[in-house]
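What TrEMBL says about this protein:
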REGION    1-24  region 'Disordered'
TRANSMEM  66-84  transmembrane segment
DOMAIN    90-299  domain 'Ion transport'
TRANSMEM  143-164  transmembrane segment
TRANSMEM  201-224  transmembrane segment
TRANSMEM  272-296  transmembrane segment
TRANSMEM  414-437  transmembrane segment
DOMAIN    428-649  domain 'Ion transport'
TRANSMEM  453-473  transmembrane segment
TRANSMEM  485-503  transmembrane segment
TRANSMEM  523-546  transmembrane segment
TRANSMEM  558-578  transmembrane segment
TRANSMEM  622-641  transmembrane segment
REGION    666-685  region 'Disordered'
COMPBIAS  674-685  compositional bias 'Low complexity'
Amino acid sequence: METDPLLGSSTEFGSGRSDSDSSDADEDLYLQQAVVFIEDAIHYRSINHRVDSGSLRMYRCYYSRLCQWVLAATITVVLLLAFVERPSSLSKTSDLRHRSEPWNPPCGLTESIEMVCLLIFCLDLGMKSYLIGWEEFKKCKWLISYMVVLSISIIDWVLSISMLCHETLRVRRLFRPFFLLQNSSLMKKTLKCIKRTLPEIASVILLLALHLCLFTMIGMLLFAKTADQQENEEWLLHFRDLPRSITSLLVLLTTANNPDVMIPAYSQNRAYSIFFISFSVIGTYCLMNLLTAIIYNQFRGYLLMSLQTSIIRRRVGIRAAFQVLSCQRTQASAQVLVRVHAVLKVMSRVKMKSYYRAAINAAVQAHADVGFMDREQFQKVFDELDKDRITEHPPLPQYSSVLLQKLQQLFSHYYLTVLGNAVALTNVMCICTVLVLNSEKTTVERNNSNLEIINLCFILYYLLEMCVKIFAFGGRGYLSYRNNIFDGVLTVLLLVLQVTIFIKYTPPSPVESNSSLWELVRLVNMLIVFRFLRIIPDIKLMALVASTLMDLVKNLRAFAGILVVVYYVFAVLGIWLFEGAIKPPPGISGLSNTALQNVSNASMECGTYEQLGYWPNNFDDFAAAIILLYNVMIVNNWQAFMDAYSRYTSETSSISGTAVTAAPSRRWRRSSMKRPSSSCSGSRSRSQRRRSYFVSFTDILTCICSGDFSAQNQNHPVRPNPAAAVLRLQVKLQLELLPGSETEMTDLPRTSNLQGDETCSICNRCSEGRNHSRTSPFSRTCAKDRFF
């Protein structure tokens, strides 16, 4: 347990030091603390950390751009190791029929890289633990979990090395996504919100399960086996036993097998359609939408609460900087003030964007005639951080010649951009026309000379347009527009490629060079089509939609990180369970695609994994597993994957759960009417476990994706009294006030939802007997009631 104060000094702040007694070291410490607190406020970080001189230097080093980039790169590398480790994804195709033996790294290569990453993570854990102190470390579940995950990973790494990389199971791969989670505060908040949502949707999930079981029983009663074999098709395909009945209706709940599941019964009697329609309407359109509505209701206040927390952290950091700066001078009056010179000195050390620094310095200079700033003025100065930067374009160059002025006015007109968009559209239409005319020709038969000449004419116009815009706006003015940068870079790149084509492939060119020529021509055409996106900023409605999409991508980074974690974990589990489970029958790898299609249509059941040619979708390597999980998330034909792995992994021999044996080749040749009844009788429990893997993956992704858009909605009110909840959540930040200053809730950010009686109760508790402690740069507060 720590006994040293976080300040590293035994002198209490606010004890009224005179200027003659203050030392240069103390003054520099105050400035360092103010710098760090302002940087914490800029980045919405907590101020609950050590504030002695050495710790502050370490803290700034840890949060420097270089260290954070190194940590982010380390997390990226350790996650990407799964693509190189055994089973390696370094092969051209994942198709089981044509896949060659991939390159596997030698033992010790990926392990050495992983150990370097683990050592960096250990250093990261050590620095975080030291900076926040042992007491706070014991309260932080994320850091304790961080330590546990690192310990497990290192132990598993040692076991791998001792077994010469021949182990069948690497437990540490399953824990790697944790490094991504713990490094992102926004992802932690998102995960917490998802955790908070799960109990709320339990009742709807229970109702959904009851709905599924009820209709399963009704379906098994409706489609029971009869003496007439012609009426047993529905029973044979979908309601033969309880597991198959539940699976069929579960897939129907996702609409993936609609209307296939009802066609056999519907062909016998149209009244049977009422059963399937009723199931879909109640389950898919009512209960599933109700589930989405509950998730939305839970997520709608998440972003607003997060913003309130961030704003409070910013204000706490700014207030902390004010308090330490006020300790540099003797307080002759009751009002606490800071010197303008000290504020400017602090701002010169703070790492922040230059335009914010200039705006804050200008606001501080406005108080230079007085020489001091009070708390409200100090807080108001940093309101500049909440303002967006207004981009101002440089002024147009001035020309003395009347002719040049007229040309400048002409080339800077909006109609020049409209003409450029029309020319770009014409170029794209020419390319489309040539592609349609040559669609049936091979790359050797195509005559690309005409298209080259057409493209060259358009590229020369693009170059001319860029030059006249530079003349009209000037170099700096031209580069101040993002669409001009996009347009100019592509124009120069197109010109270089087109000149290369004319130099290297001048006629007459050999026939064998047509293939490489087509590669360059195709690249030029792609860039021209891509350049046509320049029209987006010129159409207001399209620009609004595009900017909204860009903002959506930025705001959904936390949810994207959660999806990465889900994909990663299920991909690792899938490799453990199903690696090598599916193998194509002997002799099929040598057939052409046409012959394979004929074989599939003739000898395989329609709609199965084999007939659909889903051989590239497997769990034999990490990259293939990611693609398969994406196809499962889309829920289009996901039942084909579930059925295939249920059949192929019915006979297992690995205790660890990894499928290492393939089913006999006769199993994959089953037909819809001649499948032996004993093929499933002894393996239903194992098949159900395989099915549960895919069902769990789709359920988790449904829960996450349902909250993606709703979490970004800022227009809905939060639940009653959110400010009081936010205040309670900020206890760890430990804001403390100087003696002599007023201990009021008005010093803290509050909202209109904060009730008066709660304010009084907090203040009353604060005014009770004080058990003073010194763990931050402020003098005293109640140890049991540290706000924020």
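Cβ atoms here come from the backbone N, Cα and C positions, even for glycine.
Heads up, TrEMBL stuff is auto-annotated, nobody curated it.
Only residues 6 or more beyond the boundaries of the transmembrane segment (523-546), in the same chain, are considered here, and those with a CB under 8 A from a CB of the stretch are 417-418, 420-421, 424-425, 427-428, 431, 435, 451, 455, 458, 462, 482-483, 486-487, 490-491, 493-494, 497-498, 501. When each of 66-84, 272-296, 485-503 is checked for Cβ pairs under 8 Å to the transmembrane segment (622-641), 66-84 comes out on top. Outside the transmembrane segment (66-84), and at least 6 residues removed from its termini, the chain residues within Cβ reach (under 8 Å) are 90, 105, 110, 113-114, 117-118, 120-121, 124, 173, 176-177, 179-180, 183, 564, 568, 571-572, 621-623.
Same-chain residues lying 6 or more positions outside the transmembrane segment (272-296) and placing a CB less than 8 Å from one of its CB atoms are 197, 200-201, 204-205, 207-208, 211-212, 215, 218-219, 222, 234, 249, 252-255, 258-259, 261-262, 265-266, 703, 706-707, 710.
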